[in-house]
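One structure is given here, and the rest of the page talks about it.
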Ligand code: SR1
Ligand code: MG
């Protein structure tokens with residue numbers, strides 16, 4: 001890996017091509033084409049390809065501020081180091097499920113990685129009616145292996161502490177602390193919702209039981225250093241096809257609670273279900289079932305085979321860890337559903353519902369579902385139960 005010093009400057013399409021040439025990514029004399037394709041909230045993403053072949057690369061560069069808000073929201077460039085390091089760490093256990101990293105430059109906040117343009121962002125595909133038969137099998141495996149092998153169950157204590165140090169990510173964690181766990185539950189100026197939702201939102205802000213349960217979940221996010229988590233595992237962070245899955249964008253990675261990524265993924269599948277007619281919802285519920293089944297199966301296999309922690313051989317400990325992770329995941333899913341409905345960063349699954357009445361209704365259902373998941377997470381012990389909670393809010 002070549003890490004060289006350079007002073008930071010945002011790339012343009014032309015300077016991205018110049019960088020690709022300097023790095024010899026393409027054969028000399030190639031006729032290159034570059035386009036900035038970043039549609040996320042934070043970064044520049046350049047797609048560079050040889051005009052005469054299919055060969056291409058992605059050059060991703062962090063900006064020193066949140067692109068979605070502008071320069072008034074400064075953000076550390078260190079997230080580029082976090083993202084490329086997390087991709088490399090994940091590749092140790094799930095190489096087929098993450099893009100390959102070819103080059104990083106921390107001072108330029110640049111990562112050069114595999115071009116995945118033969119795949120589609122899974123949120124877009126799911127909204128368009130694609131099913132992705134292997135999505136949940138792959139994500140269940142991704143979760144089990146990335147989480148288990150970065151936890152105290154698999155690492156020597158000193159290696160685990162080094163991991164915590166390397167992935168200390170205060171700016172990006174603060175975004176999640178604010179946008180996922182705090183602002184949507186108060187009358188905060190980052191919130192964004194239709195006036196038709198005001199009565200529901202004001203009821204949510206006045207719900208003291210909901211606030212107490214959300215405070216407990218936020219505390220977990222602030223304090224529980226279980227494993228290296230992706231930190232933003234929504235369906236927009238996953239490229240997919242019928243046969244392949246690649247998890248991208250781990251710039252929010254830090255050592256956090258086991259249930260967080262699981263909850264964000266489940267929450268986004270539920271958001272997608274809320275946008276669908278009932279006959280199209282079952283395949284999404286099956287994805288939730290499979291994610292959790294595969295996660296449990298693979299995590300348990302690794303636990304039996306590769307644990308270093310002596311208590312992993314104590315009867316009942318694995319079940320305790322899995323039960324807690326699921327309970328937390330359900331609560332985190334609830335927070336994700338609420339923040340994607342009334343917080344700063346929405347999702348196309350709900351915002352893209354063209355009929356306004358239907359959109360408002362789906363958002364009201366999302367608020368009710370998110371609230372139920374947060375408040376009742378201790379009674380929800382199996383993914384199958386999510387169907388009945390979903391059915392209750394869909395009937396209201
Ligand atoms: C200001 S960033 C808003 C959201 O985009 C990212 O993808 C994260 O989900 C974050 O909460
Ligand atoms: Mg992202």
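Placed from the backbone N, Cα and C atoms, the Cβ positions cover glycine too.
Lifted from TrEMBL, the feature list:
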{"type": "DOMAIN", "residues": "34-266", "note": "domain 'Aminoglycoside phosphotransferase'"}
{"type": "BINDING", "residues": "43, 60, 114, 115, 116, 249, 250, 251", "note": "ATP binding site"}
{"type": "BINDING", "residues": "232, 339", "note": "substrate binding site"}
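Here the Cβ of residue 249 (ATP binding site) has 24 other Cβ atoms within 10 Å, regardless of which shown protein chain they belong to. Among the residues the record lists as binding ATP, namely 43, 60, 114, 115, 116, 249, 250, 251, the two farthest apart have Cα atoms separated by 18 Å. According to DSSP, residue 249 (ATP binding site) is assigned to coil rather than to any helix or strand.
Take the CB of residue 60 (ATP binding site) and look out to 10 A: across all protein chains shown you find 26 other CB atoms.
Close contacts with ligand 1, defined as a Cβ under 6 Å from any of its atoms, occur at 232 among the binding-site residues 114, 116, 232, 251, 339. Counted over every protein chain shown, other Cβ atoms within 10 Å are most numerous around 232 among the binding-site residues 43, 114, 115, 232. Taking 43, 114, 232, 249 as the candidate binding-site residues, the subset whose CB lies under 6 angstroms from any atom of ligand 2 consists of 232, 249. Averaged over the domain 'Aminoglycoside phosphotransferase' (34-266), the predicted model has a pLDDT of 97. In terms of Cα spacing, the binding-site residues 114, 249, 250, 251 that come within 10 Å of residue 232 (substrate binding site) are 249, 250, 251.
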